[in-house]
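Let me begin by presenting the structure, written as structure tokens, before commenting on it.
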Amino acid sequence: MLDAFSRSVVSADAKTAAVGAGDIAALRQYVAEGNKRLDAVNAITSNASCIVSDAVTGMICENTGLIQAGGNCYPNRRMAACLRDGEIILRYISYALLAGDASVLDDRCLNGLKETYIALGVPAQSAARAVAIMKASATAHIGETNTQANGGAKFRKMETTQGDCSALVAEAASYFDRVISAIA
């Protein structure tokens, strides 16, 4: 996994040249947006437990057979494994968002995930649906579109840097889409 700074150095080194003005301008922009990026990651990690449990609950509500005898969320140990997997996926998405690079997600989370789920008999459609629900929740937290009306008793207002976060919302959404594509 290379962060934005390391990528610039590696690229310049491969060309046997100094870091160029275009790279420096891109790094300045990256630093300027740094607080928003940190706030976005904080919004995900501070709400990770709720994001994951709500996603698994939503997946089960749409497919109640998952919690019946023989279902992939029955008995409790399988439910715990499902919640654990959701937390791991969300954690690697937060790493990718922090670094601004999907390689950590690809290398350490998605590589072989589909094959593992197939071997374990995990229904790909249900797993992808849970990730889609996590995507909706996480992007709402990042974009501050989560409101008291939507969250009810679970609503929690986060202190965040002011400004447009639409680029970070789109970036985070792309990481969730990578996971969905890898599973499906």
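In case you wondered, yes, glycine gets a Cβ from its N, Cα and C as well.
Annotated (2R,3E)-phycoerythrobilin 1 binding site per Swiss-Prot: CYS50, CYS61, in sequence order, evidence recorded as similarity to another entry. According to DSSP, CYS61 ((2R,3E)-phycoerythrobilin 1 binding site) sits within a helical segment. For CYS61 ((2R,3E)-phycoerythrobilin 1 binding site), no same-chain residue that is 6 or more apart in sequence has a Cβ closer than 8 Å to its Cβ.
For CYS82 ((2R,3E)-phycoerythrobilin 2 binding site), applying a Cβ distance below 8 Å and a minimum sequence separation of six or more within one chain yields VAL56, ASN72, CYS73, ALA130. DSSP gives CYS82 ((2R,3E)-phycoerythrobilin 2 binding site) a helix state. For CYS82, the entry in Swiss-Prot reads (2R,3E)-phycoerythrobilin 2 binding site.
Listed in sequence order, LYS36, ASP39, ALA40, ILE142, GLY143, GLU144 are the same-chain residues six or more apart from CYS165 ((2R,3E)-phycoerythrobilin 3 binding site) with CB atoms under 8 A from its CB. Sequence annotations record features per position, and here Swiss-Prot assigns (2R,3E)-phycoerythrobilin 3 binding site to CYS165 based on similarity to another entry.
The feature N4-methylasparagine is assigned by Swiss-Prot to ASN72. Taken residue by residue with DSSP, ASN72 (N4-methylasparagine) is part of neither helix nor strand, so it is coil.
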